[in-house]
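Annotated features, as they stand in Swiss-Prot:
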type	residues	note
TOPO_DOM	1-182	topological domain 'Cytoplasmic'
MOD_RES	SER153	phosphoserine
TOPO_DOM	205-223	topological domain 'Extracellular'
TOPO_DOM	247-253	topological domain 'Cytoplasmic'
TOPO_DOM	278-283	topological domain 'Extracellular'
TOPO_DOM	307-318	topological domain 'Cytoplasmic'
TOPO_DOM	344-352	topological domain 'Extracellular'
TOPO_DOM	401-655	topological domain 'Cytoplasmic'
REGION	470-487	region 'Interaction with KCNIP1 and KCNIP2'
REGION	523-565	region 'Disordered'
MOD_RES	SER569	phosphoserine
MOD_RES	SER585	phosphoserine
REGION	616-647	region 'Disordered'
COMPBIAS	637-647	compositional bias 'Polar residues'
Amino acid sequence: MAAGVAAWLPFARAAAIGWMPVANCPMPLAPADKNKRQDELIVLNVSGRRFQTWRTTLERYPDTLLGSTEKEFFFNEDTKEYFFDRDPEVFRCVLNFYRTGKLHYPRYECISAYDDELAFYGILPEIIGDCCYEEYKDRKRENAERLMDDNESENNQESMPSLSFRQTMWRAFENPHTSTLALVFYYVTGFFIAVSVITNVVETVPCGTVPGSKELPCGERYSVAFFCLDTACVMIFTVEYLLRLFAAPSRYRFIRSVMSIIDVVAIMPYYIGLVMTNNEDVSGAFVTLRVFRVFRIFKFSRHSQGLRILGYTLKSCASELGFLLFSLTMAIIIFATVMFYAEKGSSASKFTSIPASFWYTIVTMTTLGYGDMVPKTIAGKIFGSICSLSGVLVIALPVPVIVSNFSRIYHQNQRADKRRAQKKARLARIRVAKTGSSNAYLHSKRNGLLNEALELTGTPEEEHMGKTTSLIESQHHHLLHCLEKTTGLSYLVDDPLLSVRTSTIKNHEFIDEQMFEQNCMESSMQNYPSTRSPSLSSHSGLTTTCCSRRSKKTTHLPNSNLPATRLRSMQELSTIHIQGSEQPSLTTSRSSLNLKADDGLRPNCKTSQITTAIISIPTPPALTPEGESRPPPASPGPNTNIPSITSNVVKVSVL
């Protein structure tokens, strides 16, 4: 054995240093790691729009949906792609985030929809790039404020029945259209505000001269009349302020509010003037107090939506206005200093100091140019021209931002008012539908008023249509949907008074026990032939509808003691014929029952696979004339010829 080892050992050593191979065949390659995933292209289908990217691109962020294994739940084995039923426009920004690592906010997208998409993909909005983050935060804040206002208005409407006296009074002050008394008080205060402002202006107009003195203003010549007007206005303003203070939810916040301060400043000069004497030492202070009466004009902001929107605009543009003020201050100081030293050598110069040059700089930068101070030297004229041009640039920059904010806030308020009006109209229509009877439903069915998406705008025609269109229509349509979904059968409309015989197809019958006995009794009182209703037609083995309610003819029931209104409603009552589902190509569904019937269809009654079931419309309320005059249901007589029903009965609740 030692000899054998000695024989091949030199060859192994020679092969180790590369002199000769150990074997004639090459050695096999090292086994590859099969678990190592190769990079590949994957397809992301977002609502039909296909996106392609590398798998490693998505795996950069494993904490998100697309970067984790959770995306495998959305993999489609048939198409070999990931399908997401989401917004494809927002997904472009999401995919660019995986590619570049920067998340951007598209300004044309709704902020709520954008947040929902980011939450779905597991991306935090805090990583939005600096170029879009300010815009995103502004839109987020505006949307939150708008939603807060909508929620407050909805809460006020929902909690209306349980409001206290103070809450009712505060609601009347904030929304004068809630009651007639609040609306009257609203217009009365607005009238006295206008009278107060006009009085403050007219009392300074000269009203003739007095012998031996100069012209007297109207306020001094007719002092008693103006004092009475001022007293009446101040009394109204005082009562309004005290009532608002009493009804305010938080009196501390109300006192600190801007409008409360304006109210106090508007009425305090009158009371201070009553206690002040005509001493010359205090006459200057009295004149100063009378100047504050002009602030009463700001009380119009409660009566003007445009003024309130302007205030909101200035508040939202506080940063832009601060930038404008800071820029103007810097420019005024710089150009005032330059103009002072440029005009210092001129003997007739009016630029005596830098603060005196402020006036020229302000007037020049605002492009007013009164001409009371003008430069005399060439250097002063050059710097004055530069000051005028720079003022145009500095002032013009923030103006488009302020205008755009005003337009945006104005349109938001307009849309909010429109939504509140539409919601109020829908609630009123539902309230009318709840108090309506079955005749209103049948009347709307007969006239084809089935447009539930109608929005009321205040016209008399639309108001009448809103009253006749009730909620029962949508409930009836939904019930028929559920019946077809449960049984797999098609439903056809027919007249119950022309055919009340029952036959079984698949042991299904839908019947309302509330009116079954009375319908049987009424059908036994008639002597109609036992033929099928002419409201059914057959075409190629399929059954379609031909609603007989479209005809205007009224059929009077013989030997019936029921009122005429009840007979008409019973003639308009519908039954539902059920056809077996052996034929898979049925073209009639429950959704067509609430549509207008095709008047061009020819009635044909040669079908045998029909069974009759009755679904009754709710009986009129006891408060209606029909409910009062309708007799109680009687048991069927002995002559009632109705075959026994051996099928299962499915009881349908009354709509």
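Cβ atoms are placed via backbone N, Cα and C, with glycine included.
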Mind checking how the topological domain 'Extracellular' (344-352) divides into helix, strand and coil residues in DSSP?
0 helix, 0 strand, 9 coil
DSSP-derived helix, strand and coil totals, residue by residue, for the topological domain 'Cytoplasmic' (307-318)
11 helix, 0 strand, 1 coil
In DSSP terms, the topological domain 'Cytoplasmic' (247-253) comprises 4 helix, 0 strand, 3 coil
Residues sitting near the topological domain 'Extracellular' (344-352): Cβ under 8 Å, six or more positions beyond its termini, same chain?
360, 372-373, 375-377, 380
In the same chain, who gets a Cβ under 8 Å from the topological domain 'Cytoplasmic' (307-318) while lying at least 6 residues past its ends?
142, 300-301, 398, 401-402, 405-406, 409-410, 413
For the topological domain 'Cytoplasmic' (247-253), give me same-chain residues lying six or more residues beyond its boundaries with a C-beta closer than 8 angstroms to one of its C-beta atoms, as numbers and ranges.
166-167, 169-170, 173
